[in-house]
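Written out below as C-alpha cells is the structure these notes cover.
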Amino acid sequence: MVMSTPSVSAANQSLLGNGSGVVSPSPIPPGGSATTASVNSASEMEHTVSMTLFFVLAVLGLCILVIHLLIKLKLTYLPESIAVVFVGALIGLLLQLIGNWRKEEAFPPMIFFLVILPPIIFESGYNLHKGNFFHNIGSILLFAILGTVISAAVIGAGVYLVGVAGITYQLTLVESFAFGSLISAVDPVATLAIFQAIKVDPILYMLVFGESILNDAVSIVLMTTVIQVKPEDGGLHALGLAVLNFFKTFLCSAGIGTMFALASALLLKWVDLRKTPSLEVGIMLIFSYAPYCLAEGLHMSGIMAILFAGIVMSHYTHRNLSPVTQITVQHTFRTMAFLAETLVFAYLGLAIFSFSHLLQPSLVIWCIALCLLGRAFNIFPLSFCLNYFRQHKITLKNQLIMWFSGLRGAIAFALAIHLDVRGETRQILVTTTLVIVLFTILVLGGSTMPLMKCLERRPAWMQTYYYYNDPAAGSSRSRRRRRRAREKQEVTLSKTQMGAAMDSEQYSEFAESEVELSGGGPGVPVGPGGHKLQGFHPA
C-alpha cells in the first residue's frame, strides 16, 4: 500500500532511516501548476490504494477458500499458516511472470504495527488462560527477557566473528548485534498459528506463548539501543540505559493497558448498554485498540499495552456484557485476528518474489545455525536454573519442544525492512531474514507434529495436572478433558477448527468457570446470573 505514514513510536522512528515507504512528490508538469500536480498526485494515490485494497481482499478471500478446502479434505496435519505462505508465494510468482511486480512499499511496516498486529495480540490476551499464565509468570519473564538477550548476544557475536574471519559477508559490530536483536524476536503470530492448534501440555503451551508475546518488546528495545549506541559511550553506561529503558517501557505499557481495561469494566458497569448490543460491541472495539495507540504515541510498547488490556478485559469487562455481546465480541476478535494472521503469512509468501533480493548463502546458513544455537543457550540453561525453584519441572522433552518452536515471523521481517543500514547490507539482511522466517515456519513449524509424536510429550503424570497442584480443584476439569479427548481422537493442525470450539483449553476460562458455578454442564457458556446463552452450540 504505497502511502506516506507517520512513524509509530520512537522505537520505530529509529528503524525508519530515510523511510522506504514514503512516496516522493510528482514533478510539476511543464505549464502546469503546483495545485494541479498535487490534485493529480492525490487522485493517482487514491486509485493505487483502492487497487491495493482490492488485491488484499482478493488474496484473503482465496486464502479462506484454501483453508476451507484443507478442512474439507481433512488435511489435518498441514498447518494453515504453511498453506497460506504457499498461496502467497504462488500469487507472487504469477504476478512476477505477468508483469514486473516489485512493490516493496505494498506493505509498510507501519501498517503491520498499527493495523495488522494489534488484533492478533489482543485476541491472544483476551482468550488467554490467565491461571496458567500468571502461575508461570516468573519463568515466562526469564525466558522473554534474559533469554532474548542471550539469544541476541550469541547471534550478534557469531555473525560478527564469522564475518571478521572472512567466512561470510562481513557486518560491522553494530549491524551484527542489531541483526541479532531483530532475528531473536520469536513471533507470536507464527508460533501460535502452529502451536496453539496442537493439543500440547498447557504448561509447555503457556511458556512458549508467554515468551513469544513478551520478547517482541525486548527485541525492539535491544535493536533500538544497539543502533543508538555511540562509540564514545561506555559499555556499562549503554547497558544501564538499556535496562532502565526496558523496565520503564514494560511497566508503563502494562499500566496503560490495565488502566484502559479497568476503565472499560467500570464504564460498562455504570452505564447499562445491555439492551443495545451494537453499542456494547463498539465500546469493546474502542477500548481494545485505544491502549495500543496511546502507548505507541507515548513511545512505549503497544504490544505490552494491548496484551494486558486483553487479559484484564476478559476477566472484568467481559462479565459486564450482555450474553449476546459476550459471544459476539469473542467471535469478532477471533475473526479479526484470523484475517490479520492470514494476511501476514500471505505477505511472507508474496515477499519471496516482490523484493529485489541479494542472497548470501553462506551468511544464511551461518545465521540459521546461530539462531538454533542461540535458542539452545536460551532454553536449556535457563530451564535448568528454573527447575531448582519450580514445583512442576520443565522436562527435557518440553525443553526440546521449546527449543524447536522458536519460530520467526513477520515482526522480524518488518524490522529488517526498515533497518537503517547501508544500502547493500540492508538488502542482504532483508533477504537473509526472509529466508530464516520461511525456514522456521516451513521446516521447524512443519516438523512440530512429527517431533512431538516422536518424543511422546505427555506422560501419565502430566495428564492429571492442568491448572494447579490441587487434585480436588482439578479433578472435574481433568475428567472432562479426558472425556473430550476420547470423543475427539483426530489430531488437527487447523487453527480454524480448533478456534470453533469455544470451550477449548487455550481459550478464555471464563465460560468454563461460569458453567461450573451454575451447573450448566461442559462447553455451554453462561451469561451473568447463570443464564445459558440461547442458540449457542459449541463445536
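Glycine is no exception: its Cβ is also placed from the backbone N, Cα and C atoms.
Remember, it's a predicted structure, so these values are computed and weren't measured experimentally.
Here's what TrEMBL has on this protein:
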TRANSMEM  49-70  transmembrane segment
DOMAIN    65-453  domain 'Cation/H+ exchanger transmembrane'
TRANSMEM  82-101  transmembrane segment
TRANSMEM  107-128  transmembrane segment
TRANSMEM  140-165  transmembrane segment
TRANSMEM  177-195  transmembrane segment
TRANSMEM  202-227  transmembrane segment
TRANSMEM  247-268  transmembrane segment
TRANSMEM  298-316  transmembrane segment
TRANSMEM  337-357  transmembrane segment
TRANSMEM  363-389  transmembrane segment
TRANSMEM  401-421  transmembrane segment
TRANSMEM  427-452  transmembrane segment
REGION    473-539  region 'Disordered'
COMPBIAS  477-486  compositional bias 'Basic residues'
COMPBIAS  518-532  compositional bias 'Gly residues'
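Using the rule of three or more Cβ pairs under 8 Å, pairs at least 6 apart in sequence, the transmembrane segment (401-421) is in contact with the transmembrane segment (337-357). The listed stretches are 49-70, 107-128, 140-165, 363-389; of these, 107-128 has the most Cβ pairs under 8 Å to the transmembrane segment (298-316). When each of 107-128, 140-165, 337-357, 363-389, 427-452 is checked for Cβ pairs under 8 Å to the transmembrane segment (82-101), 337-357 comes out on top. Counting same-chain residues at least six beyond the ends of the transmembrane segment (427-452), those with a Cβ under 8 angstroms from any Cβ of the stretch are 77, 79, 81-82, 85, 169, 175, 179, 182-183, 187, 190, 194-195, 198, 200, 345, 348, 351-352, 355-360, 363-364, 367-368, 371, 400-401, 404-410, 412-413, 416-417, 419, 421, 491, 493. Through the fold, the transmembrane segment (363-389) approaches residues 138-139, 142-143, 146-148, 150-155, 158-159, 162, 167-169, 179-180, 183-184, 399, 402-403, 406, 408, 428, 431-432, 435-436, 439-440 of its own chain, all at least 6 residues removed from its boundaries and within a Cβ separation under 8 Å.
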